[in-house]
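Over in TrEMBL, the protein carries these features:
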TRANSMEM  21-43  transmembrane segment
DOMAIN    26-474  domain 'Major facilitator superfamily (MFS) profile'
TRANSMEM  93-112  transmembrane segment
TRANSMEM  124-143  transmembrane segment
TRANSMEM  187-207  transmembrane segment
TRANSMEM  219-239  transmembrane segment
TRANSMEM  324-345  transmembrane segment
TRANSMEM  381-401  transmembrane segment
TRANSMEM  413-435  transmembrane segment
TRANSMEM  447-469  transmembrane segment
REGION    479-521  region 'Disordered'
COMPBIAS  488-498  compositional bias 'Polar residues'
Amino acid sequence: MSASKEAICSSSEKDPEKPQLGWATTRYFVTFMLFLGMANAYVMRTNMSVAIVAMVNHTAIQKGEEILDDECGDRELEVDNGEDGEFAWSSSLQGYILSSFFYGYVITQIPFGILAKKYGALRFLGWGMLINSVFAFLVPVAAREGGVYGLCAVRFIQGLGEGPIVPCTHALLAKWIPPNERSRMGAAVYAGAQFGTIISMPLSGLLAEYGFSGGWPSIFYVFGVVGTVWSIAFLIFVFEDPSAHPRIDEREKRYINDSLWGTDVVKSPPIPFKAIMKSLPFYAILFAHMGHNYGYETLMTELPTYMKQVLRFSLKSNGLLSSLPYLAMWLFSMFISVIADWLISSNRFSLTATRKIINSIGQYGPGLALIAASYTGCDRALTLAILTIGVGLNGGIYSGFKINHLDLTPRFAGFLMAITNCLANLAGLLAPIAAGNLINDKPTMGQWQIVFFIAAFVYIICGTFYNIFGSGERQFWDNPDNDEQKPSLESNSGTNHETPIGRLSNGNSAPLAITASESRQ
C-alpha cells in the first residue's frame, strides 16, 4: 500500500508533458464542436414545444375545463392572447406530437453505444445529427400534408437521428480528453444542453411571431440550416481520435494518448458485458443518472405547472424568466467544473472523492430545493428563486456522475453512457405520469407537496447510493492489460512502470496513474 502511494507520488514528477496553450488547440476545438453539437441537439429537442403553441388553433379546439386551485385565488392568471394557429389539435394530440421525438431518441441509445464502440463514434454522431437537421425541413410539410401522423413520424425520425449524440459524445471525450481535464471539458460540452435551450426558447418565440413562411415553419428552417452546417463541418474537421488526426501537433497527440493509455497504440477488446453488469460503480452511475432525470423533469415540467395551477402565474408568459434556470445551470456547471479539476490536479482530493462531493451538490441541492418549494405558499418570486437555484445547483452533475463513465472505463465509456442515458430517460418519463396521477384533478398545495417530496426523495436516495458505491478508479474490466507496453519499459528499473494503468490508481486523475511514456521522458 505504502509502496504504491510512493510510486504514485513520485510519478507526478514524470507525467506526460502538458502541451503549451499555443499548440494545444486540437482537443479544445473538438470540445468546442461537441459543445455546439450538444447545443444543436437540444435546440432540435425543444423547439417543437415553442412552435406547437403557434401551430395550434386554440379557439377551434374544445377546451377542457382547466382546474385551478383557489388557495392563491387573489392572484390573476396571466393568459397568452397570441394569434391562433392553423391546426385544431387537442391537448392529448399535442402530447403525442411532443413525445414522438423522445421515443426515437430513447430506443437508439444502447444500439448506438454498441456500434460506436465497434466502428467508431464520429460518423454515427455526425450523420445522425445530419439526419436530424435535414428532417427538420420536413416538419412543416409533414404537419400540413400528413397531419398528426405525418408530423409524429418525422419527429420520431429526428429522435432516431439524435440518439447517438450522448453515447457518441461520451466515446469521443474518452478518446480526446486527458483525465485531469475531464471535469471542465465534459462540463463545457454538456453545458451545450443548457446553452441550446437558452437560445432555442426565445429565438423560437421570435421566429414564430416574426419569421418567414408563416412564422412557425421558419423555426425548423433556420435551425435545420444551422444543424446541417454544423454536421457537415463536424464530419470534415473532427476526427475519431488523436492518432487519426492528420494535422494535430505531435506533442499534443503524444500528451493525450500517454495520459489516457500510456502509449500511442491501444487494443480494443470486446465489451465485457458480464463484468459491467456486476459492477457496483456502474450501478452507482446508473441510479444517479436515473434519479437526476426524474428529479430534473419534475423541476422543469411540474414546478412551472404548479406555479400556473396554484400560484396563478405562468413562466411561459415571460421568456426571460423561463430561461433563468437554464442560464443558472449553465453558469454553475462551468464554475464548479473548474473547481473540480483544481481539486483533482492539486491532489487535495482523490478523483473518487471529488466526483462524490460535486455530485452531492448537483443532486442534494435540487432535492432540498424541491422540498423548500413545497413550503413557499403563494409567493411567486420566492418559488421562482428556488426553481432557479435548484436547477442551477443541478449543474454539478456534469462534473459528478455524468463524466464518471470516463473514469471507470475510457474504452467503454460510450457504451456505459448509452445504457444509463436510455434508462434515465425512461425514468424521466415517469415524472409527469406520477405527478398526473397524484394531482388527479386536485391541484392543491398538499397534493403538489407530495409530488415534490417524491422527487426530492429520489434525488437524495440516488445521490446517496452514488456516494456509497461510486468510484473514480479505472475498473479491471476496462482491461488495462491491453494497453500496449513499449519495449523501452523493460530496460528501465526503479519505478514500477510495468504496472498497467489503473492498477496504482487510488481514485486520482491521470497524473496519479503511471504511464508507459514516463520511462521515455
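Every residue gets a Cβ built from N, Cα and C, even glycine.
When Cβ-Cβ distances under 8 Å to the transmembrane segment (187-207) are tallied for each of 21-43, 93-112, 124-143, 381-401, 447-469, the top count falls to 21-43. Outside the transmembrane segment (93-112), and at least 6 residues removed from its termini, the chain residues within Cβ reach (under 8 Å) are 45, 48-49, 52, 56, 124, 128, 148, 151-153, 155-164, 166-168, 415, 418-419, 421-422, 425-426, 429. At the 8 Å Cβ cutoff, the transmembrane segment (219-239) and the transmembrane segment (21-43) share at least 3 close pairs (sequence separation 6 or more) and count as touching. Remote same-chain residues near the transmembrane segment (413-435) are listed as 102, 105-106, 109-114, 116-117, 121, 166-168, 170-174, 271, 276, 282, 285-286, 289-298, 301-302, 305, 405-406, 451, 454-455 (criterion: CB distance under 8 Å, separation of at least six residues from the stretch ends). Under 8 Å from some Cβ of the transmembrane segment (124-143) lie the Cβ atoms of residues 37, 40-41, 44, 48, 55, 87, 112, 115-116, 150-151, 153-155, 157-158, 160-165, 168-169, 172, 213-214, 216-217, 220-221, 223-228, 230-232, 234-235, 238, all in the same chain and six or more residues away from its ends.
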